[in-house]
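The structure appears right after this line, and notes come after that.
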Amino acid sequence: MRAVVIDGAGSVRVNTQPDPALPGPDGVVVAVTAAGICGSDLHFYEGEYPFTEPVALGHEAVGTIVEAGPQVRTVGVGDLVMVSSVAGCGVCPGCETHDPVMCFSGPMIFGAGVLGGAQADLLAVPAADFQVLKIPEGITTEQALLLTDNLATGWAAAQRADISFGSAVAVIGLGAVGLCALRSAFIHGAATVFAVDRVKGRLQRAATWGATPIPSPAAETILAATRGRGADSVIDAVGTDASMSDALNAVRPGGTVSVVGVHDLQPFPVPALTCLLRSITLRMTMAPVQRTWPELIPLLQSGRLDVDGIFTTTLPLDEAAKGYATARARSGEELRFCLRPDSRDVLGAHETVDLYVHVRRCQSVADLQLEGAADGVDGPSMLN
């Protein structure tokens, strides 16, 4: 199969590597039909989180299940599914909350060096009943991709921002997560949303969605617009020292700063005394992806939550390097990139998913026969 791998800062390529094996009896293998290039992927691309060896990238995937373990109950071969970007074990008390971040064994993210990357022809997914959801009726591919990460993150940011009806909210950073947070803030009752970014095109996009655009840094402008009071809630969807400082300066006394932007590995000096004296609540979170699905899917199906237009560019998987280079520019016109592996490349000469699965099983039997012959064991009997 093909997979997008990173060799170092500013260098990604499409690599050919072995197809993934079924990751245990509770896992599935997904033939990826769409994968997103996320802002978090750009952190790897820009060298903020260096790897010691090439790593397959991507954590947002939609695709068709081509193999499922015998313990999988909620999905099956042939189902079109979305895969949570954050994986948990699925069985611990933390995972029982449907929040993978609470996993007692520690959440894992696809495309970060431990699990496989979603920007590939095939993706092995462990604990599939916890990680994977069959795409409901009325949900588009683009919406499903957003549900795997960005929309879940933006929604969680708004939930944790203590937004009350009629309040003023600021969203710093108008990438995909920030725009999803903007939409979510309105649904949670905000009367005014200040949309903050450096890129003119992104500010214009936010204005068409009903927000008040403000170039960053925005604290002084927000204070002036609120007669010196400050925003009731501020969502930091950037994750830099500058954006965090702007958020803390823009929030009112007693307000809440909700941080979902991914910071680098350097420590940030939190002004603890200022937060104490102004009674500021500071919260940070990763996306509780699976927990948000029952809330977000009905909103999307009803049309109350509209996130259309966030994915602006679609490219074949082989043009991933072009997508990363363009995404790095962070223009106002091209916001999010969708990579499309060709299912014909996944299936090879096999025309159907069923035939592809049959061939994979035959290959597994052949492999076991070879192993068994070396040990004096009948291969097929090992499958029983």
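Including glycine, each Cβ sits where the backbone N, Cα and C put it.
The Zn(2+) 1 binding site feature in Swiss-Prot is assigned to C38, H59; the stated evidence is similarity to another entry. As annotated by Swiss-Prot, Zn(2+) 2 binding site applies to C89, C92, C95, C103.
Each of the binding-site residues C38, C89, C92 was scored by the number of other CB atoms within 10 A of its CB, and the lowest score belongs to C92. Using a 10 Å Cβ-Cβ cutoff, H59 (Zn(2+) 1 binding site) registers 27 neighbours. Within the same chain, residues at least six positions away from C103 (Zn(2+) 2 binding site) with a Cβ under 8 Å of its Cβ are G88, C89, C92, G94, C95. Sequence-ordered, the extra residues of this chain that approach the Zn(2+) 2 site, with Cβ no more than 8 Å from the Cβ center of C89, C92, C95, C103, are G88, G90, V91, P93, G94, E96, P100, M102, F104, S105, F130.
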